[in-house]
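*Asks:* Dropping the structure in here first, questions after.
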Amino acid sequence: MPAKVVVIGSLNMDLVTRAPRLPQGGETLIGHSFTKVCGGKGANQAVAAARLGAQVSMVGCVGRDAYGEELRAALLAEQVDCQAVSTVDDSSGVALIVVDDNSQNAIVIVAGANGALTPAVVGCFDSVLQAADVIICQLEVPDATVGHALKRSRELGKIVILNPAPASRPLPANWYENIDYLIPNESEASTLSGLPVDSRQTAQAAASRLIELGAGKVIITLGAQGSLLADGQRIEHFPAPTVKAVDTTAAGDTFVGGFAAALAGGKGEAEAIRFGQVAAALSVTRAGAQPSIPTLSEVQAFKTP
Ligand code: RIB
């Protein structure tokens, strides 16, 4: 039986332009290209976990529109169970993304239907949560829903992962006791801890602070610098494979989905982190969110260049 991962979160249609650089306020730039790609942190993590070996269910909302149909179809094409993806009377979530020639991106999201994922809606799909080994949440759905999902997942005795993305403020204090693995990037770690994070040393201090706040374990992703695992006893650094980046969109989601699939499948956390890092490294060599996420056989075949 494949391990079961449940993702509670967002689905967005990504409207992606490539441009020489990111525009400044008030500036109009001539872009290179435009594409429409299925994304959303929740859906990306669901696709990653499915491509990387887990049986996956998604809990979320799409709008009653063409994007909603495409977002659902994209998950079904990956064998992600969508019985808990509700269609609501709103527009589907969208993300406006600019990627520059250095593969950096800037993103504005409009939640739309993702805002309809209330605690009551999640409560309707409790049997889906009960069947999980690992449950993943992010922050593109209402805070009340995330708080409820973390608490219920803890009550059910599941392995609980929170990817606190995007983070605009510290997390509610009572969330921490329900999190087994908190997985922020550098800027999210800084927002949550209130400490600057711009190096491995400062990331270690932030990780220690997040453990003090109550997270079980903390994994800070550091892009090309790899990641840090802190568990309250020790902090371990995992260097990232070196690759040529084309587009970093969904690299964090690929790491989270890959880590969850590996952990649910019985790998130890160090092995699961290395597995997630290889998957994320492969994803940055390709454009777009869901199209960039590698398969299990691609990760297994990966050799450091
Ligand atoms: O993490 C990448 C994702 O963030 C994109 O797919 C976009 O939808 C935004 O939610």
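Even glycines carry a Cβ here, placed using N, Cα and C.
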*Asks:* Do you know which of N178, N185 TrEMBL groups with T221, L222, G223, A224, Q225, G226, G252, D253 in the ATP site?
*Replies:* N185
*Asks:* Looking at the substrate binding annotation from TrEMBL, with N12, M13, D14, G40, K41, G42, A43, N44, D253 already listed, which candidate in E140, E155 is the matching residue?
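*Replies:* For substrate, TrEMBL names N12, M13, D14, G40, K41, G42, A43, N44, D253; of E140, E155, the listed one is E140.
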*Asks:* Measuring CA to CA, name the entry from the binding-site residues A224, T249, R286, S292 that ends up nearest E140 (substrate binding site).
*Replies:* T249
*Asks:* Tell me which of the binding-site residues N185, T249, S283 ends up closest to D14 (substrate binding site) in space, Cα to Cα.
*Replies:* T249
*Asks:* Among all protein chains shown, how many Cβ atoms are found within 10 Å of the Cβ of T249 (K(+) binding site), not counting that one?
*Replies:* 28
*Asks:* Checking your reading of the structure: which of the binding-site residues L222, G226, T249, R286 lie inside a 10 Å Cα sphere centred on A43 (substrate binding site)?
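*Replies:* Candidates kept after distance check: none.
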